[in-house]
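These came from TrEMBL, pasted as-is:
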{"type": "TRANSMEM", "residues": "A:15-34", "note": "transmembrane segment"}
{"type": "TRANSMEM", "residues": "A:39-58", "note": "transmembrane segment"}
{"type": "TRANSMEM", "residues": "A:64-85", "note": "transmembrane segment"}
{"type": "TRANSMEM", "residues": "A:97-120", "note": "transmembrane segment"}
{"type": "TRANSMEM", "residues": "A:140-159", "note": "transmembrane segment"}
{"type": "TRANSMEM", "residues": "A:180-197", "note": "transmembrane segment"}
{"type": "TRANSMEM", "residues": "A:227-247", "note": "transmembrane segment"}
{"type": "TRANSMEM", "residues": "A:253-270", "note": "transmembrane segment"}
Amino acid sequence: MLDAILNFEILRNTFYTGLIVGLLAPLLGTFIVVRRLSLIADGLSHVTLAGISFGLFMQKQHTLLLLTPFHTGIIFSIIGSIVIENLRGVYKAFQEIAIPITLSIGVGLSVVFIALADGINTDIYAYLFGSVAAVSRSDLYLILITAVFVITVIIFLYKELFALSFDEEFATVSGIRAKVIHYLFIIMTALVIAASIRIVGVLLVSALMTLPVATAMRVAKSFKQTIIYSIIYGEVAVIIGLISGYYLEIPPGGTIVITSAILLGSTLLIKKWYLAYIYKG
Amino acid sequence: MTNLITVNGVTHRYDKHKVLEDVSFSIKKGSFIGLVGPNGSGKTTIIKLMLGLEKLQKGTVETFGKPIEKFHNKGHISFVSQKANSFSRGFPATAKEVVSMGLTSKVSPLRPTTKKYEYMIFEALDRVNMMEYANHNIGDLSGGQQQRIFIARAIVNNPSLLILDEPTVGVDTENVEQFYQLLSQLNKELGITLILVSHDIGTITTHVTDLLCLNKSVHYHGNPSDFEQMTDEQRSTLYGHDMHTITHEH
C-alpha cells in the first residue's frame with residue numbers, strides 16, 4: 001500500500017484524512033460519551049446523508065455545480081446540529097428525543113433525494129460504508145481547515161467543556177456561558193462527522209466516535225488520559241482498517257470498526273484477567 | 001456589616017403553583033446561615049434565584065451590590081448542589097481534575113495551569129483532608145469523600161460566599177457531623193460566608209450563626225439559640241407547618 005500511497009494522490013488524501021479523523025472523532029467522542037450523547041453521531045450522520053443525497057440530486061439536475069455532495073452534506077449536518085440543540089432546549093425533560101426526531105427526518109430526506117437522483121449507485125455506496133478512494137484534494141483542504149478549527153476550540157475551551165460535561169449547574173454558576181459552548185460543540189461535532197463520512201461512511205461514523213472512547217475508559221485513570229488513549233485507539237483502528245480494507249477490497253468503514261471492536265474486546269478481556277490476577281495475588 | 005445578598009419581595013410560581021411569596025431577607029458578610037424548611041418549601045428555588053439559575057418573576061435580588069440580572073460571577077459565589085452526588089459514577093475524572101473545575105473562570109490557554117493553580121488545587125484538597133485521594137477516580141470514592149471533593153472544588157477559587165444545597169444527602173450519618181465541622185472551619189478560618197440549605201434543623205442549629213426558616217415565605221430569621229428555646233407549638237405556628245425537633249446524639 002505504501003507504493004500506492006506514494007503514487008496515487010487520491011489514496012494519499014484518504015490516508016491523511018484517515019489520520020485526521022482518527023484524531024478528531026475520538027477527541028470529540030470523549031466529551032460526547034461522558035455527556036451521554038453517544039447517539040448524537042448517528043442522528044447527525046443521517047442528516048449528513050440527506051445533504052449528500054441532495055447534492056447528488058442537484059448534480060444530476062446540473063445545478064449547484066459549485067457545491068459538491070460533500071459540501072451539501074456539511075451544510076445539512078450543521079443545520080441538523082442546530083436543530084438538535086434547539087430541540088434539546090424545547091424537550092428539557094426528554095432531551096434524548098431530539099436525536100430520533102433528527103435521525104428519522106434525515107433518513108426520510110435521504111430516501112427521497114436518493115430516489116430522485118439515481119437510486120443506490122456507487123457514489124451512495126461509498127458514502128454509506130466509506131471508501132479508500134474518495135477524498136479529493138479540495139476535500140482534504142476542507143477537512144484540514146475543520147481540524148485546525150476543532151483543535152483550536154478544544155485547546156481554548158477545554159476547561160469549560162470538561163466542567164460542563166461533568167456538572168452543568170456548577171459550570172453555569174461559575175460563569176461559563178453554557179448555551180454558546182453547547183452550540184459551538186455540536187457544530188464541531190457536525191463538521192467532524194461530515195469529514196469522517198468520507199472514510200468510515202454514514203452507517204459507521206458513530207462507531208469511530210464511541211468505540212475508541214469505550215476502550216480508553218477501561219484503562220485510563222483520568223479524563224486527560226481518556227482523551228489520549230481514545231485518540232491512540234482511534235488512530236490504530238484507522239491505520240489497520242485502511243490498510244486491510246485496501247488489500248481485502250472491503251470498504252474501510254467495515255474494517256476500521258471491526259478493528260475498533262477487536263481492540264475493545266481484547267482490552268476488556270485483558271483488564272478482566274489482570275483484575276483476577278491482582279485479586280488472586 | 002455589609003450585606004452580600006439582599007432578597008426583596010420575591011414571589012415565584014411554577015405554572016399556577018406558587019412556591020415563594022413575598023420573600024425578603026439579607027445575608028451578612030461572614031455569617032453562616034442555615035436555610036431550613038420542609039420539602040417543597042421553596043428552598044432550592046430561592047437558591048436558584050440567588051445564583052441566577054432561574055429568572056426572577058417578581059421582586060429583586062441584589063448580589064454583591066448589583067442587581068442579579070447585571071451580576072457576572074467571577075468566582076465571588078460558589079455552589080455545591082444537591083445533584084453533585086448524583087453525577088455519573090463512571091465519569092473518568094480524578095478528584096484533582098474535579099477540583100480543577102473550580103478554577104475554570106481563572107484558567108485560560110493564554111495562562112495555562114501554572115504551578116500557582118496546582119498549589120491552589122492541593123491547598124483546597126488539603127483543607128478538606130482529601131490530599132491522599134488526589135489521583136483517585138471520583139467514582140471510586142464514598143459519598144462523604146465525594147462531597148468533600150465537591151467542597152474543595154467550590155472553595156479552590158477563594159469565594160466570598162458558598163451556597164450548599166442539601167449537601168449531606170448521600171453522606172453516612174457518622175460523617176455528617178464531621179462535614180458540618182468542616183463547614184464551620186471554612187466560615188471561621190477562611191471567613192467564607194455560608195448558606196447551608198437543609199431540612200434537618202436539629203443538627204444544623206448547633207453550627208450556624210443565623211437560622212432562616214422558609215415555607216413559601218420567611219417564617220423566622222434570627223439567632224438559632226432563640227429558636228431552640230421555643231416550644232414545638234410556637235415553632236409550628238412560626239413555621240406554618242407541624243414540626244418537632246429531632247435531637248441527634250453523636
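Backbone N, Cα and C define each Cβ position, glycine as well.
Context for these features, please: burial, neighbours, distances.
Cβ atoms under 8 Å from those of the transmembrane segment (A:15-34) belong to residues 5, 40-41, 135, 139-140, 143-144, 146-147, 150-151, 154, 161-162, 165-166, 185, 188-189, 192, 195-196, 198-200, 205, 208-210, 212-214, 216-217, 223, 226-227, 230-231, 233-235, 237-239, 241-242, 252 of the same chain, restricted to positions at least 6 beyond its ends.
Within its own chain, the transmembrane segment (A:64-85) has Cβ neighbours under 8 Å at 40, 43-44, 47-56, 58, 98-99, 102, 106, 123, 127, 138-139, 142, 182-183, 186-187, 189-191, 193-194, 197-198, counting only residues six or more beyond its boundaries.
Sequence-distant contacts of the transmembrane segment (A:180-197) (same chain, six or more residues past either end, CB-CB distance under 8 Å): 17, 20-21, 24-25, 28, 31-32, 40-41, 44-45, 48-49, 51-52, 70, 73-74, 77-78, 80-82, 84-85, 127, 130, 142-143, 146-147, 149-150, 153-154, 157, 160-161, 164, 205, 208-209.
Tertiary proximity for the transmembrane segment (A:227-247) is limited to same-chain residues at least six positions away from its ends with a CB under 8 Å from its CB atoms, namely 1, 4, 11, 14-15, 18-19, 21-23, 25-27, 29-30, 130, 132, 199, 208, 211-213, 215-216, 219-220, 254-260, 263.
Sequence-distant contacts of the transmembrane segment (A:253-270) (same chain, six or more residues past either end, CB-CB distance under 8 Å): 128-130, 199-201, 203-204, 207-208, 211-212, 214-215, 218-219, 233-234, 236-238, 240-242, 244-245.
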